[in-house]
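Take a look at the structure set out below.
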Amino acid sequence: MAKIVVTGGQALHGEVHISGAKNAVLPILCATLLADAPVEISNVPHLHDVITTVKLLSELGAEVTIDEGTLAKGRSILVDPRSVTHQIAPYELVKTMRASILVLGPLLARYGTAEVSLPGGCAIGSRPVDQHIKGLQALGADISVENGYIKATSNGRLKGGRYVFDMVSVTGTENVLMAAVLAEGTTVLENAAMEPEVTDLADCLIALGAQIEGAGTPRITVQGVERLGGGHHAVLPDRIETGTFLVAAAMTGGSVTVRRARPDTLDAVLDKLTEAGATITTTAESVTLDMHGKRPRAVNLTTAPYPAFPTDMQAQFMALNCVAEGVGVINETIFENRFMHVNELLRLGADIQVEGHTAIVRGAERLSGAPVMATDLRASASLILAGLVADGDTTIDRIYHLDRGYENIEEKLGALGATIRRIA
């Protein structure tokens with residue numbers, strides 16, 4: 001099984017280009033099932049989860065063509081959904097990726113039936129699918145869970161309705177939003193997720209002919225249409241990848257510019273980096289961070305739904321606090337079991353105490369390289385970041401988690417001066 005070896009001690013300097021957002025491209029690929037003509041998606045990142053989604057679309061009968069593109073143009077995927085013949089998403093594909101549940105709404109709305117295996121993905125606590133089910137039931141769907149599958153049917157077109165999410169759910173909002181696009185009448189979604197990836201999905205749907213207002217706010221209104229046509233959409237840049245590279249620069253005392261970024265989606269993260277002592281300069285599509293060779297200051301943070309601090313950046317900032325001046329307190333309010341990276345950071349010499357959903361991190365002047373194991377996607381990123389500042393070699397096992405969410409991370413870090421390599 002592949003591993004990554006990081007040799008610490010190098011400050012990062014230079015420029016890096018940000019890839020398309022993992023959490024935007026997956027629902028957008030699923031949304032192509034709603035159309036009755038080919039849809040082209042560009043700025044698609046090279047990620048394992050994208051490959052899994054393409055396999056799933058192909059399994060359903062869609063014709064999928066991948067254009068690898070160039071460094072400047074990027075990768076694009078053309079999906080022709082007119083050949084879809086199956087409405088069952090099998091366990092073999094769904095078990096590796098939670099986002100597979102996002103075919104439920106589109107299949108149900110377009111074909112009146114869908115069977116989707118209960119999802120897998122990162123093992124970071126119970127991420128219930130009840131918000132998806134309740135939301136679709138509010139549109140008139142008949143849903144049962146049998147033998148590990150969610151089975152949904154509708155009698156004719158779904159009917160517009162009002163649904164108030166019990167809790168903010170990004171994928172729940174996306175699934176119900178996609179279904180509502182082809183429902184008869186008006187749908188109002190309250191307490192909807194406001195994440196930029198939800199807005200990007202809505203922008204894609206609008207480009208295909210949907211009528212949506214309020215995406216990016218807690219109240220989304222959808223006027224159902226009879227059909228969606230073909231079209232093109234470019235996926236927005238990945239704010240979590242952007243944040244990860246900025247934290248890497250901050251931890252190593254370096255100076256890095258990230259390009260093809262969207263700093264307007266990163267306010268909470270940029271505020272914390274400024275608090276840590278970084279000088280931040282932004283343009284519409286770039287962020288420059290300069291630590292002037294200094295050690296970062298510890299920061300306190302609490303994860304919460306957008307526009308607050310993202311849970312997907314929590315592990316990276318914990319790594320930063322491990323080598324910062326002072327004590328940082330991190331409160332995780334989104335997912336349970338999302339401190340699984342703590343034990344691995346302790347192996348590198350970190351000083352962390354966990355009390356329930358709170359981690360107290362006392363900064364150490366140095367970390368020491370050691371063999372560690374990735375437990376989920378963002379935890380694997382935090383271990384690489386810690387390895388960048390640890391003495392000696394840090395060997396990270398189970399990096400298949402990393403390939404689910406970061407495109408060529410070792411090449412990108414290497415271009416900034418990191419000593420990092422992948423081994424078999």
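Heads up, the Cβ atoms here are built off N, Cα and C, so glycines get one too.
As given in Swiss-Prot:
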type	residues	note
BINDING	LYS22, ASN23	phosphoenolpyruvate binding site
BINDING	ARG98, ARG127, PRO128, VAL129, ASP130, GLN131, ASP312, ILE334	UDP-N-acetyl-alpha-D-glucosamine binding site
MOD_RES	CYS122	2-(S-cysteinyl)pyruvic acid O-phosphothioketal
ACT_SITE	CYS122	active site, proton donor
Between ASN23 (phosphoenolpyruvate binding site) and ASP130 (UDP-N-acetyl-alpha-D-glucosamine binding site), the C-alpha gap once rounded to whole angstrom: 20
For ASP130 (UDP-N-acetyl-alpha-D-glucosamine binding site), the number of other Cβ atoms found within 10 Å of its own Cβ: 12
Under 8 Å by Cβ from GLN131 (UDP-N-acetyl-alpha-D-glucosamine binding site), same chain, sequence gap 6 or more: PHE165, ASP166, MET167, SER169, GLY172
Candidates LYS22, ARG98: member of the binding-site residues with the richest Cβ shell (10 Å): LYS22
Candidates ASN23, VAL129: member of the binding-site residues with the richest Cβ shell (10 Å): ASN23
Most Cβ neighbours inside 10 Å, all chains, among the binding-site residues PRO128, ASP312, ILE334: ASP312
